[in-house]
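Here's the structure we're looking at; comments come further down.
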């Protein structure tokens, strides 16, 4: 038997074995790397594909306006205390506050109108806070409230009483008040506030805004061009939480 031939055959077999091992190892490494890439890509894609659960539900803590799920939203704070506002699904929003200064927040429409507004949810203030249909007009500059619920303080006592209107199952007391050198949508200004304050308070229902606008006009309290209009949670030197859905 030729030992040289055996040696060459053994060497060839070893080379083939090494090449096969390297090929299999490389294939396995590539497959592992590829699978790891797919897992990482899937994780990133999952985050990007769930804006409602991740991106759009981050708490807002500084004043801003925008659009969320087809609704206009507005959040304003003077920076006092802790206030966290969060846009949720569709017309829902939530806000929590602790020892706040002054803030307004909510969802609605960038342009107001005499629309019927339905809202529902929970309003849990500790101290002075309002749940209201809230908006502004220009020419004249007016800030208005259709106050549906409030905390420890009814603001009517500090304003000029004008009359009443009955709407949506309750009597509302109507007031007017002048704000001097206060923040507004037109900067610091002097302007009037119009208020309808519901006697039978509630945190859910439908508001026929046309009834209030007409009642105000009959009392000489005229609105101008309507600006934004929201269902607002507002707090002043208080704490609490509110979760409201607007439609």
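Every residue, even glycine, has its Cβ placed from backbone N, Cα and C.
Copied from TrEMBL, the annotated features are:
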TRANSMEM  29-50  transmembrane segment
DOMAIN    59-247  domain 'GH11'
ACT_SITE  143  active site, nucleophile
ACT_SITE  234  active site, proton donor
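Same-chain residues at least 6 positions away in sequence with a Cβ under 8 Å from that of residue 143 (active site, nucleophile) are, in sequence order, 134, 135, 136, 179, 184, 191, 192, 193, 194. All protein chains included, residue 234 (active site, proton donor) registers 26 other Cβ atoms within 10 Å of its own Cβ.
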